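Only one structure is covered here, and it is reproduced in the block below.
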Amino acid sequence: MSTVMNTQYRKPLPGTALDYFDTREAIEAIAPGAYAKLPYTSRVLAENLVRRCEPEMLTASLKQIIESKQELDFPWFPARVVCHDILGQTALVDLAGLRDAIAAKGGDPAQVNPVVPTQLIVDHSLAVEYGGFDKDAFAKNRAIEDRRNEDRFHFINWTQKAFKNIDVIPQGNGIMHQINLERMSPVIHARNGVAFPDTLVGTDSHTPHVDALGVIAIGVGGLEAESVMLGRASYMRLPDIIGVELTGKPQPGITATDIVLALTEFLRAQKVVSSYLEFFGEGAEALTLGDRATISNMTPEFGATAAMFYIDQQTLDYLTLTGREAEQVKLVETYAKTAGLWSDDLKQAVYPRTLHFDLSSVVRTIAGPSNPHARVPTSELAARGISGEVENEPGLMPDGAVIIAAITSCTNTSNPRNVIAAGLLARNANAKGLTRKPWVKTSLAPGSKAVQLYLEEANLLPELESLGFGIVGFACTTCNGMSGALDPVIQQEVIDRDLYATAVLSGNRNFDGRIHPYAKQAFLASPPLVVAYAIAGTIRFDIEKDVLGLDKDGKPVRLINIWPSDAEIDAVIAASVKPEQFRKVYEPMFDLSVDYGDKVSPLYDWRPQSTYIRRPPYWEGALAGERTLKGMRPLAVLGDNITTDHLSPSNAIMMDSAAGEYLHKMGLPEEDFNSYATHRGDHLTAQRATFANPKLKNEMAIVDGKVKQGSLARIEPEGIVTRMWEAIETYMDRKQPLIIIAGADYGQGSSRDWAAKGVRLAGVEAIVAEGFERIHRTNLVGMGVLPLEFKAGENRATYGIDGTEVFDVIGSIAPRADLTVIITRKNGERVEVPVTCRLDTAEEVSIYEAGGVLQRFAQDFLESNLK
């Protein structure tokens, strides 16, 4: 659990007082000439091994990289852990619970601390209760955030003082990924006299945002983050590394959002699941760092694990622009050029697979409904059935009404070109006399306070404010479902008329039900298009062709008349985006001095009435018991593309939900129910979110001969269809072991550990699916739930699974072993189903057998401290 470095291959780094590890020499000692052919990712992973791997494992591990083999697990030691306040807080609740468990067994709780530097940014808890047309929206939304989250923030403040090695950036300062890009990542570290590449894991699937800097940053679940925090290696096999050559240059008026939505469609079709992508070529070299970051941010939407760019002059220019010290920028250049991470040194890199994408093919685009990879060129809105006749009855909202238009998300607000484009479009629209439609709830929520400074410098913030896009917060807001309440009159009209209402946002996900319960569908668009849709007021509007309004002379105004030119965008950036703005924001923010005193108890004083923070139960009762994998009944039989939003939603809690009823019983007023996400530190609230998504389709929930959509289950053997939570409670009372049967891509979406915790607390012991998304599979293992995969070409339909059956798993559990699921049907017939055990490494088997990572931590800690 230490952070010890090796000594072999350690050398002085030319032109500095630092040392570095000469990975090239280590590779060449095994295979002369091999280093020049290695992809960027392989070089960074190899450096990590040379510096940290146990010497006796080094040669075998490096050979996997040199020979592009995937036969051996090797350790990876990320330099940092970054967390947001939902999963980060949940992880810290687990660590506080671990301290209690250690103390109960006679250990010293104060010894439980993160070993790896950990940064927690509070960005997920602000709801847009007041829209951007309210001049005091920011202050009002922040006050509500503090009131609703007092329990959570009390706990987070305690952790900052009680745990070593944790830095906390409090609420109201920005979004984790954008702060990571603009400030936290040094690209190259200088620690203990050694220079080495920044690498990290983050408790959010969009952590790869900083891959744009050439930093390997991957999203993990909270459980895996806890493991890394405590100094454990993250074991991996060499990932598939795919080169993506970008050619051509974007057409005039095309934004990075258009490019990334086109890439999302292209890469999803190319099946890049779990791979590390490396973008190169003339097209990649010409992209600004902001444009690269927009691309890297949407790595999970591609289905990939990482989306890397090489270090080059664009990287250095961006580090300078964002106020990094000149000495640090020089270190990045020196290290990259010495260690072979500079773009020129990668001309001979060989990729097992290379894809080609022409940037000049990209046209103006939105994505939706329902999926980020459902790309629609704006020139084809009518042909695709999205735009159509706009029915504007006086005094009523039109069909397809845009009820939310949000410039939001680190995906786009970390890119000055996208933000400035929105400001210029707003200025042009104001000059033509155009206005926002009154039913559109508009908001601007940048991921960094620097955005406000450069918009003010360019005199564009007032232009956005006059169209209702005032700053409502510096947080994730609408992008993670915290879009806040609608005007009650508008909401009632949506309900009464069963209106097809929509949201348009510059975010990265648009799954049904995610953005707002009353926005039936959502579309992703660039910030300037979001402004245009607020003026149009309906998704039925053909944004390229229809008339947005009449100017002061009565002439029709279309999108083309207000869209800013690339030259103007670039000129405004050159004049208005400055390093001192970033320094002014970040220097005070990172002046972190924490008093670690004897005054703070190492054990948290849990508040018994809290619905936000509660001592976790993972070391006691049934969760400490054995899983037999026998006599399991299905809790749900599900189709393809089940997301973590289905498994444990994040959005607002409704009174008629199981969690809402519980919070009401606990005395919370409905307006302070907050979101599911904010209650994940309290397992009693959070477990009631399991499968609580109203869009769930559980194939067992058959009513009148059809599958009924909703948070529903069927209790067996009675065959009673009921709300999911009532079914879970019934099975918990019976101590009935459960199983879930699912289709392909099970668990895609956010890296939400409660998507695994919830099913484990319900009594689920195994999940059989056609395929698992990477982070969710790891979380299942971390909770002691066995992931099993149907053999290729087989699925639930092959075996006619309807939910009346009982399931057993037999065979010896080992990495990727062949196991057998025995199905016993209602009539007594037994069927054998061959499956693959998706515990992929020996380390995962050991975690599973311990009951999960939290149980394993406690065992290991007590053993090491009682020796």
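Just so you know, glycine gets a Cβ as well, placed from its N, Cα and C.
The [4Fe-4S] cluster binding site feature in Swiss-Prot is assigned to Cys410, Cys476, Cys479. Other Cβ atoms within 10 Å of the Cβ of Cys410 ([4Fe-4S] cluster binding site) number 30 in total over all chains.
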- line: Those same-chain residues, other than Cys410, Cys476, Cys479, found with Cβ within 8 Å of the centroid of the [4Fe-4S] cluster-site Cβ atoms are Asp123, Ile175, His177, His206, Thr408, Ser409, Thr411, Ala445, Gly447, Ala475, Thr477, Asn480, Gly507, Asn508
Field: Surrounding CB atoms that lie within 10 Å of the CB of Cys479 ([4Fe-4S] cluster binding site), all protein chains
entry: 29
Message: In the three-state scheme derived from DSSP, which category covers Cys476 ([4Fe-4S] cluster binding site)?
response: coil
